[in-house]
Amino acid sequence: MSGDAAALWPRVAEGLRRDLGARTFDHWLKPVRFADYCALSGVVTLETASRFSANWINERFGDRLELAWRQQLPAVRSVSVRGGVAATERAATLASVPLPTFDAPAAPAANPALLGFDPRLSFDRFVVARSNILAANAARRMAMVERPQFNPLYLCSGTGQGKTHLLQAIAQDYAAAHPTATIILMSAEKFMLEFVGAMRGGDMMAFKARLRAADLLLLDDLQFVIGKNSTQEELLHTIDDLMTAGKRLVVTADRPPAMLDGVEARLLSRLSGGLVADIEAPEDDLRERIIRQRLAAMPMVEVPDDVIAWLVKHFTRNIRELEGALNKLLAYAALTGARIDLMLAEDRLAENVRSARPRITIDEIQRAVCAHYRLDRSDMSSKRRVRAVARPRQVAMYLAKELTPRSYPEIGRRFGGRDHSTVIHAVRTVEALRVADSELDAEIAAIRRSLNS
(Lines of atoms letter the chains of each structure in order from A and count residues from 1; the text may use other names and numbers.)
(Lines give C-alpha, C1' and ligand atoms only; values in the text may rest on other atoms or scores of the structure.)
Protein backbone atom coordinates (compact mmCIF):
# COMPACT_ATOMS: atom_id res chain seq x y z
CA MET A 1 0.00 0.00 0.00
CA SER A 2 2.94 2.34 0.70
CA GLY A 3 4.07 1.83 -2.89
CA ASP A 4 0.65 2.83 -4.22
CA ALA A 5 0.73 5.99 -2.09
CA ALA A 6 4.23 6.80 -3.31
CA ALA A 7 2.96 6.72 -6.88
CA LEU A 8 0.36 9.36 -5.95
CA TRP A 9 2.88 11.88 -4.62
CA PRO A 10 3.70 13.44 -8.04
CA ARG A 11 -0.02 14.08 -8.58
CA VAL A 12 -0.38 15.56 -5.08
CA ALA A 13 2.66 17.76 -5.66
CA GLU A 14 1.32 18.97 -9.00
CA GLY A 15 -1.93 20.07 -7.36
CA LEU A 16 -0.07 21.85 -4.56
CA ARG A 17 2.12 23.71 -7.04
CA ARG A 18 -0.98 24.88 -8.86
CA ASP A 19 -2.76 25.97 -5.65
CA LEU A 20 0.19 27.58 -3.83
CA GLY A 21 1.96 29.09 -6.80
CA ALA A 22 5.21 28.03 -8.41
CA ARG A 23 7.46 30.29 -6.31
CA THR A 24 6.19 29.14 -2.92
CA PHE A 25 5.99 25.50 -3.97
CA ASP A 26 9.47 25.42 -5.49
CA HIS A 27 11.04 27.02 -2.42
CA TRP A 28 9.39 24.89 0.28
CA LEU A 29 7.74 21.78 -1.15
CA LYS A 30 9.78 20.85 -4.22
CA PRO A 31 12.57 19.30 -2.06
CA VAL A 32 10.03 17.20 -0.13
CA ARG A 33 10.02 13.45 -0.80
CA PHE A 34 7.51 10.72 -0.04
CA ALA A 35 8.63 8.47 2.84
CA ASP A 36 5.82 6.19 3.98
CA TYR A 37 2.10 5.58 4.24
CA CYS A 38 0.55 3.50 6.99
CA ALA A 39 -2.83 2.17 5.87
CA LEU A 40 -3.71 1.19 9.45
CA SER A 41 -3.32 4.69 10.89
CA GLY A 42 -3.92 6.63 7.69
CA VAL A 43 -0.74 8.67 8.22
CA VAL A 44 1.37 9.87 5.29
CA THR A 45 5.00 10.67 6.16
CA LEU A 46 7.03 13.00 3.98
CA GLU A 47 10.70 13.93 4.28
CA THR A 48 12.86 16.99 3.74
CA ALA A 49 16.52 17.62 4.51
CA SER A 50 16.07 20.46 7.00
CA ARG A 51 14.31 20.37 10.36
CA PHE A 52 13.61 24.07 9.95
CA SER A 53 11.85 23.46 6.63
CA ALA A 54 9.93 20.52 8.08
CA ASN A 55 8.64 22.64 10.97
CA TRP A 56 7.57 25.45 8.66
CA ILE A 57 5.87 23.10 6.23
CA ASN A 58 3.96 21.31 9.01
CA GLU A 59 2.87 24.62 10.52
CA ARG A 60 2.05 26.56 7.37
CA PHE A 61 1.04 23.92 4.85
CA GLY A 62 -0.19 21.05 7.02
CA ASP A 63 -3.88 21.57 6.20
CA ARG A 64 -3.15 22.02 2.48
CA LEU A 65 -1.11 18.82 2.42
CA GLU A 66 -3.86 16.81 4.10
CA LEU A 67 -6.51 18.16 1.73
CA ALA A 68 -4.35 17.46 -1.33
CA TRP A 69 -3.66 13.91 -0.18
CA ARG A 70 -7.32 13.18 0.63
CA GLN A 71 -8.30 14.26 -2.86
CA GLN A 72 -6.09 11.44 -4.19
CA LEU A 73 -6.43 8.97 -1.30
CA PRO A 74 -9.55 9.48 0.87
CA ALA A 75 -8.27 7.12 3.58
CA VAL A 76 -5.54 9.59 4.58
CA ARG A 77 -6.13 11.00 8.06
CA SER A 78 -3.05 13.13 8.55
CA VAL A 79 0.24 14.15 6.92
CA SER A 80 3.52 14.64 8.75
CA VAL A 81 6.77 16.11 7.40
CA ARG A 82 10.02 15.22 9.12
CA GLY A 83 13.45 16.70 8.55
CA GLY A 84 17.15 16.33 9.30
CA VAL A 85 18.47 12.97 10.44
CA ALA A 86 14.94 11.73 11.03
CA ALA A 87 14.62 11.40 7.29
CA THR A 88 16.81 8.30 7.33
CA GLU A 89 15.66 6.53 10.45
CA ARG A 90 14.41 3.66 8.30
CA ALA A 91 17.99 2.93 7.20
CA ALA A 92 19.62 3.49 10.59
CA THR A 93 17.59 1.62 13.16
CA LEU A 94 19.28 2.76 16.32
CA ALA A 95 16.35 2.67 18.72
CA SER A 96 17.30 -0.74 20.04
CA VAL A 97 20.71 0.51 21.14
CA PRO A 98 20.63 2.68 24.28
CA LEU A 99 23.78 4.55 23.21
CA PRO A 100 23.86 6.08 19.70
CA THR A 101 26.72 3.95 18.35
CA PHE A 102 27.19 4.23 14.59
CA ASP A 103 28.95 1.39 12.75
CA ALA A 104 30.09 2.67 9.38
CA PRO A 105 29.18 0.37 6.48
CA ALA A 106 31.84 -1.20 4.31
CA ALA A 107 31.19 1.10 1.36
CA PRO A 108 33.48 4.14 1.64
CA ALA A 109 30.98 6.35 -0.15
CA ALA A 110 28.21 5.80 2.39
CA ASN A 111 25.69 8.60 2.78
CA PRO A 112 26.49 10.38 6.10
CA ALA A 113 22.78 10.60 6.88
CA LEU A 114 22.58 6.81 6.91
CA LEU A 115 25.00 6.83 9.83
CA GLY A 116 22.75 9.14 11.81
CA PHE A 117 24.77 12.25 10.96
CA ASP A 118 23.52 15.50 9.43
CA PRO A 119 25.18 15.76 5.98
CA ARG A 120 24.75 19.54 6.04
CA LEU A 121 27.18 19.79 8.96
CA SER A 122 30.30 18.94 6.97
CA PHE A 123 33.75 20.50 6.77
CA ASP A 124 32.91 21.78 3.28
CA ARG A 125 30.08 23.85 4.75
CA PHE A 126 32.04 25.11 7.76
CA VAL A 127 33.24 28.60 6.90
CA VAL A 128 36.74 29.21 8.27
CA ALA A 129 38.15 32.55 9.45
CA ARG A 130 40.62 33.84 12.03
CA SER A 131 38.14 33.32 14.87
CA ASN A 132 37.79 29.57 14.28
CA ILE A 133 40.78 28.47 12.18
CA LEU A 134 42.59 26.67 15.02
CA ALA A 135 39.50 24.65 15.93
CA ALA A 136 38.66 23.89 12.29
CA ASN A 137 42.18 22.71 11.39
CA ALA A 138 42.48 20.66 14.57
CA ALA A 139 39.13 19.02 13.84
CA ARG A 140 40.22 18.07 10.31
CA ARG A 141 43.41 16.50 11.64
CA MET A 142 41.50 14.54 14.25
CA ALA A 143 39.28 13.13 11.51
CA MET A 144 41.91 12.24 8.93
CA VAL A 145 45.42 11.81 10.34
CA GLU A 146 46.36 8.25 11.28
CA ARG A 147 47.95 9.29 14.57
CA PRO A 148 46.92 12.83 15.59
CA GLN A 149 49.57 14.61 17.63
CA PHE A 150 46.95 15.86 20.09
CA ASN A 151 44.34 13.67 21.73
CA PRO A 152 41.86 14.50 23.16
CA LEU A 153 40.68 17.57 21.26
CA TYR A 154 38.72 20.01 23.43
CA LEU A 155 36.62 22.64 21.60
CA CYS A 156 35.20 25.51 23.63
CA SER A 157 33.08 28.56 22.80
CA GLY A 158 29.85 30.28 23.62
CA THR A 159 26.59 29.01 22.22
CA GLY A 160 25.98 28.99 18.48
CA GLN A 161 29.62 29.29 17.36
CA GLY A 162 29.95 25.97 15.50
CA LYS A 163 31.15 23.40 18.05
CA THR A 164 28.45 20.85 17.22
CA HIS A 165 28.98 21.46 13.49
CA LEU A 166 32.64 20.49 13.90
CA LEU A 167 31.71 17.37 15.90
CA GLN A 168 29.43 16.23 13.10
CA ALA A 169 32.06 17.02 10.46
CA ILE A 170 34.72 15.04 12.32
CA ALA A 171 32.39 12.05 12.61
CA GLN A 172 31.50 12.09 8.91
CA ASP A 173 35.06 12.43 7.63
CA TYR A 174 36.34 9.80 10.05
CA ALA A 175 33.60 7.40 8.95
CA ALA A 176 34.56 7.94 5.30
CA ALA A 177 38.27 7.42 6.00
CA HIS A 178 37.74 4.46 8.35
CA PRO A 179 34.77 2.50 6.93
CA THR A 180 34.80 -0.22 9.59
CA ALA A 181 35.17 2.13 12.57
CA THR A 182 32.72 2.45 15.43
CA ILE A 183 31.76 6.06 16.15
CA ILE A 184 29.79 7.36 19.13
CA LEU A 185 28.46 10.91 19.00
CA MET A 186 26.45 11.94 22.05
CA SER A 187 25.84 14.80 24.47
CA ALA A 188 27.32 14.72 27.96
CA GLU A 189 23.76 14.83 29.26
CA LYS A 190 22.96 11.66 27.27
CA PHE A 191 26.09 10.02 28.69
CA MET A 192 24.87 10.85 32.18
CA LEU A 193 21.34 9.54 31.56
CA GLU A 194 22.62 6.31 30.01
CA PHE A 195 25.05 5.85 32.89
CA VAL A 196 22.35 6.34 35.53
CA GLY A 197 20.00 4.02 33.64
CA ALA A 198 22.68 1.32 33.41
CA MET A 199 23.40 1.57 37.13
CA ARG A 200 19.73 1.26 38.06
CA GLY A 201 19.15 -1.53 35.57
CA GLY A 202 22.21 -3.53 36.56
CA ASP A 203 23.58 -3.24 33.03
CA MET A 204 26.90 -1.49 33.68
CA MET A 205 29.00 -4.10 31.88
CA ALA A 206 27.09 -3.59 28.63
CA PHE A 207 27.26 0.19 29.05
CA LYS A 208 31.03 0.09 29.54
CA ALA A 209 31.53 -2.34 26.66
CA ARG A 210 29.60 -0.18 24.18
CA LEU A 211 31.58 2.95 25.01
CA ARG A 212 34.96 1.26 25.07
CA ALA A 213 34.27 -0.29 21.67
CA ALA A 214 34.32 3.18 20.12
CA ASP A 215 37.19 4.08 17.83
CA LEU A 216 36.04 7.69 18.01
CA LEU A 217 34.03 9.17 20.89
CA LEU A 218 32.57 12.66 20.44
CA LEU A 219 31.04 14.22 23.55
CA ASP A 220 29.04 17.45 23.27
CA ASP A 221 28.36 20.05 26.01
CA LEU A 222 30.58 18.69 28.76
CA GLN A 223 29.36 21.39 31.17
CA PHE A 224 26.28 19.23 31.83
CA VAL A 225 28.34 16.91 34.06
CA ILE A 226 29.31 19.74 36.43
CA GLY A 227 28.54 18.60 39.97
CA LYS A 228 27.67 15.04 38.87
CA ASN A 229 30.45 13.23 40.72
CA SER A 230 29.59 9.63 39.88
CA THR A 231 29.10 10.50 36.20
CA GLN A 232 32.46 12.26 36.16
CA GLU A 233 34.15 9.22 37.71
CA GLU A 234 32.73 6.92 35.03
CA LEU A 235 33.65 9.39 32.29
CA LEU A 236 37.20 9.54 33.64
CA HIS A 237 37.51 5.74 33.48
CA THR A 238 36.06 5.75 29.96
CA ILE A 239 38.56 8.36 28.79
CA ASP A 240 41.47 6.53 30.42
CA ASP A 241 40.52 3.26 28.73
CA LEU A 242 40.04 4.90 25.33
CA MET A 243 43.33 6.80 25.53
CA THR A 244 45.20 3.68 26.62
CA ALA A 245 43.77 1.80 23.65
CA GLY A 246 44.82 4.56 21.23
CA LYS A 247 41.23 5.63 20.52
CA ARG A 248 40.22 9.21 19.72
CA LEU A 249 38.22 11.62 21.86
CA VAL A 250 36.70 14.99 21.01
CA VAL A 251 34.88 17.04 23.65
CA THR A 252 33.03 20.36 23.49
CA ALA A 253 32.03 22.75 26.27
CA ASP A 254 30.98 26.36 26.71
CA ARG A 255 34.16 27.25 28.62
CA PRO A 256 37.81 26.16 28.93
CA PRO A 257 38.63 23.22 31.22
CA ALA A 258 40.09 25.55 33.86
CA MET A 259 36.69 27.25 34.23
CA LEU A 260 34.68 24.05 34.72
CA ASP A 261 34.17 24.54 38.44
CA GLY A 262 32.58 21.45 39.93
CA VAL A 263 34.49 19.05 37.66
CA GLU A 264 36.98 16.67 39.28
CA ALA A 265 40.64 17.70 38.90
CA ARG A 266 41.75 14.38 37.38
CA LEU A 267 39.11 14.67 34.65
CA LEU A 268 40.15 18.25 33.90
CA SER A 269 43.76 17.09 33.64
CA ARG A 270 42.85 14.43 31.06
CA LEU A 271 40.79 16.88 29.02
CA SER A 272 43.60 19.45 29.03
CA GLY A 273 46.21 16.90 28.00
CA GLY A 274 45.65 17.21 24.26
CA LEU A 275 44.68 20.46 22.54
CA VAL A 276 42.24 23.07 23.86
CA ALA A 277 40.94 25.08 20.86
CA ASP A 278 38.81 28.14 21.45
CA ILE A 279 36.24 29.40 18.93
CA GLU A 280 35.85 33.16 19.19
CA ALA A 281 32.89 35.35 18.31
CA PRO A 282 32.53 35.54 14.50
CA GLU A 283 34.06 38.58 12.79
CA ASP A 284 32.24 40.63 10.14
CA ASP A 285 33.87 38.85 7.20
CA LEU A 286 32.94 35.43 8.55
CA ARG A 287 29.32 36.40 9.12
CA GLU A 288 29.01 37.77 5.58
CA ARG A 289 30.58 34.66 4.05
CA ILE A 290 28.19 32.43 6.01
CA ILE A 291 25.19 34.33 4.65
CA ARG A 292 26.49 34.19 1.09
CA GLN A 293 27.21 30.49 1.37
CA ARG A 294 23.63 29.86 2.47
CA LEU A 295 22.23 31.95 -0.36
CA ALA A 296 24.45 30.28 -2.96
CA ALA A 297 22.52 27.07 -2.33
CA MET A 298 19.23 28.92 -3.02
CA PRO A 299 19.67 30.42 -6.51
CA MET A 300 15.99 31.35 -6.77
CA VAL A 301 16.23 33.64 -3.73
CA GLU A 302 17.45 37.21 -4.23
CA VAL A 303 18.84 39.06 -1.21
CA PRO A 304 20.35 42.49 -2.02
CA ASP A 305 23.84 43.39 -0.80
CA ASP A 306 22.52 46.14 1.48
CA VAL A 307 20.33 43.57 3.28
CA ILE A 308 23.32 41.26 3.73
CA ALA A 309 25.37 44.17 5.11
CA TRP A 310 22.52 45.04 7.48
CA LEU A 311 22.35 41.47 8.79
CA VAL A 312 26.12 41.39 9.31
CA LYS A 313 25.99 44.68 11.22
CA HIS A 314 23.14 43.77 13.56
CA PHE A 315 23.74 40.08 14.35
CA THR A 316 27.24 39.88 15.79
CA ARG A 317 27.17 37.59 18.81
CA ASN A 318 27.00 34.15 17.24
CA ILE A 319 26.32 32.27 14.04
CA ARG A 320 23.11 30.61 15.21
CA GLU A 321 21.55 34.01 15.91
CA LEU A 322 22.57 35.24 12.45
CA GLU A 323 21.20 32.16 10.68
CA GLY A 324 17.98 32.37 12.67
CA ALA A 325 17.42 35.93 11.47
CA LEU A 326 18.17 34.96 7.87
CA ASN A 327 15.81 31.98 8.08
CA LYS A 328 13.03 34.17 9.44
CA LEU A 329 13.46 36.68 6.63
CA LEU A 330 13.56 34.02 3.91
CA ALA A 331 10.56 32.21 5.35
CA TYR A 332 8.45 35.37 5.48
CA ALA A 333 9.31 36.25 1.90
CA ALA A 334 8.60 32.72 0.65
CA LEU A 335 5.26 32.42 2.41
CA THR A 336 3.94 35.88 1.57
CA GLY A 337 5.57 36.50 -1.80
CA ALA A 338 7.16 39.71 -0.47
CA ARG A 339 10.30 41.01 -2.14
CA ILE A 340 13.32 41.01 0.17
CA ASP A 341 14.69 44.51 0.65
CA LEU A 342 16.12 46.62 3.47
CA MET A 343 12.71 47.89 4.55
CA LEU A 344 11.36 44.36 4.87
CA ALA A 345 14.41 43.24 6.86
CA GLU A 346 14.16 46.18 9.27
CA ASP A 347 10.44 45.59 9.75
CA ARG A 348 10.36 41.80 10.13
CA LEU A 349 13.57 41.48 12.18
CA ALA A 350 13.13 44.44 14.53
CA GLU A 351 12.53 42.21 17.55
CA ASN A 352 15.48 39.98 16.64
CA VAL A 353 17.73 43.03 16.45
CA ARG A 354 16.65 44.22 19.89
CA SER A 355 17.48 40.86 21.46
CA ALA A 356 20.73 40.53 19.49
CA ARG A 357 22.06 44.03 20.12
CA PRO A 358 25.58 43.82 21.56
CA ARG A 359 25.53 44.84 25.16
CA ILE A 360 28.86 46.57 25.69
CA THR A 361 32.27 46.47 24.02
CA ILE A 362 35.66 45.82 25.64
CA ASP A 363 36.78 49.28 24.50
CA GLU A 364 33.87 50.87 26.36
CA ILE A 365 34.69 48.85 29.47
CA GLN A 366 38.35 49.88 29.37
CA ARG A 367 37.40 53.54 28.95
CA ALA A 368 34.92 53.38 31.84
CA VAL A 369 37.39 51.67 34.18
CA CYS A 370 40.17 54.14 33.30
CA ALA A 371 37.81 57.07 33.88
CA HIS A 372 36.74 55.71 37.27
CA TYR A 373 40.28 55.02 38.51
CA ARG A 374 41.86 58.02 36.70
CA LEU A 375 44.23 55.88 34.67
CA ASP A 376 45.61 56.24 31.19
CA ARG A 377 44.08 53.95 28.58
CA SER A 378 47.53 52.45 27.91
CA ASP A 379 47.55 51.04 31.46
CA MET A 380 45.04 48.43 30.34
CA SER A 381 47.65 46.92 28.01
CA SER A 382 50.82 47.73 29.93
CA LYS A 383 53.02 45.33 31.91
CA ARG A 384 52.88 47.51 35.04
CA ARG A 385 52.09 45.44 38.12
CA VAL A 386 51.66 48.12 40.77
CA ARG A 387 48.42 47.58 42.64
CA ALA A 388 46.93 50.91 41.51
CA VAL A 389 47.09 49.67 37.91
CA ALA A 390 46.89 45.87 38.22
CA ARG A 391 43.64 45.82 40.23
CA PRO A 392 41.67 48.11 37.86
CA ARG A 393 42.99 46.03 34.96
CA GLN A 394 41.62 42.89 36.66
CA VAL A 395 38.29 44.66 37.19
CA ALA A 396 38.17 45.52 33.48
CA MET A 397 38.90 41.90 32.52
CA TYR A 398 36.18 40.74 34.91
CA LEU A 399 33.64 43.15 33.41
CA ALA A 400 34.69 42.15 29.89
CA LYS A 401 33.82 38.55 30.69
CA GLU A 402 30.59 39.51 32.47
CA LEU A 403 29.25 41.97 29.93
CA THR A 404 30.51 40.77 26.54
CA PRO A 405 30.33 37.46 24.65
CA ARG A 406 34.11 37.46 24.14
CA SER A 407 36.17 34.41 25.08
CA TYR A 408 39.05 34.37 27.56
CA PRO A 409 41.77 34.30 24.85
CA GLU A 410 40.05 37.14 22.99
CA ILE A 411 39.84 39.26 26.15
CA GLY A 412 43.49 38.54 26.90
CA ARG A 413 44.53 39.82 23.48
CA ARG A 414 42.66 43.08 24.11
CA PHE A 415 44.63 43.57 27.33
CA GLY A 416 48.13 43.64 25.88
CA GLY A 417 48.21 40.11 24.50
CA ARG A 418 47.82 38.41 27.85
CA ASP A 419 47.30 34.66 28.10
CA HIS A 420 43.79 33.32 28.69
CA SER A 421 44.91 31.92 32.06
CA THR A 422 45.68 35.48 33.20
CA VAL A 423 42.13 36.51 32.38
CA ILE A 424 40.71 33.48 34.20
CA HIS A 425 42.79 34.39 37.27
CA ALA A 426 41.58 38.00 37.11
CA VAL A 427 37.93 36.95 36.88
CA ARG A 428 38.20 34.60 39.83
CA THR A 429 40.13 37.15 41.90
CA VAL A 430 37.55 39.87 41.37
CA GLU A 431 34.67 37.47 42.03
CA ALA A 432 36.21 36.61 45.41
CA LEU A 433 37.02 40.24 46.23
CA ARG A 434 33.48 41.40 45.51
CA VAL A 435 32.28 39.14 48.30
CA ALA A 436 34.98 40.20 50.78
CA ASP A 437 35.47 43.88 49.87
CA SER A 438 32.30 45.98 49.92
CA GLU A 439 34.17 49.07 48.69
CA LEU A 440 35.39 47.29 45.56
CA ASP A 441 31.93 45.83 45.02
CA ALA A 442 30.46 49.34 45.12
CA GLU A 443 33.10 50.59 42.67
CA ILE A 444 32.26 47.83 40.19
CA ALA A 445 28.55 48.56 40.55
CA ALA A 446 29.23 52.24 39.81
CA ILE A 447 31.24 51.36 36.69
CA ARG A 448 28.43 49.10 35.47
CA ARG A 449 25.91 51.89 35.97
CA SER A 450 28.07 54.24 33.92
CA LEU A 451 28.26 51.66 31.13
CA ASN A 452 24.49 51.18 31.09
CA SER A 453 23.68 54.89 31.19
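Residue 1 is the first one shown; counting continues down the chain.
Backbone N, Cα and C define each Cβ position, glycine as well.
All protein chains shown were included, and the count of other CB atoms within 10 Å of the CB of Lys163 (ATP binding site) stands at 25. Summarising the annotation, Swiss-Prot assigns ATP binding site to Gly160, Gly162, Lys163, Thr164.
Here the region 'Domain I, interacts with DnaA modulators' (1-76) has, by DSSP, the following mix of helix, strand and coil residues: 49 helix, 12 strand, 15 coil. The annotation region 'Domain I, interacts with DnaA modulators' is assigned in Swiss-Prot to 1-76 on the grounds of sequence analysis.
Model confidence over the region 'Domain II' (76-115) is summarised by a mean pLDDT of 49. Feature annotation from Swiss-Prot assigns region 'Domain II' to 76-115; the stated evidence is sequence analysis.
Annotated region 'Domain III, AAA+ region' per Swiss-Prot: 116-333, in sequence order.
Sequence annotations record features per position, and here Swiss-Prot assigns region 'Domain IV, binds dsDNA' to 334-453 based on sequence analysis.
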In the three-state DSSP scheme, Lys163 (ATP binding site) belongs to helix
Which residues, same chain and not among Gly160, Gly162, Lys163, Thr164, have a CB within 8 angstroms of the centroid of the CB atoms at the recorded ATP site? Ser157, Thr159, Gln161, His165, Leu166, Thr252, Ile279, Ile319, Arg320
So, by DSSP, how many helix, strand and coil residues make up the region 'Domain IV, binds dsDNA' (334-453)? 89 helix, 0 strand, 31 coil
Can you tell which of the binding-site residues (Gly160, Gly162) has the fewest other C-beta atoms within 10 angstroms of its C-beta? Gly160
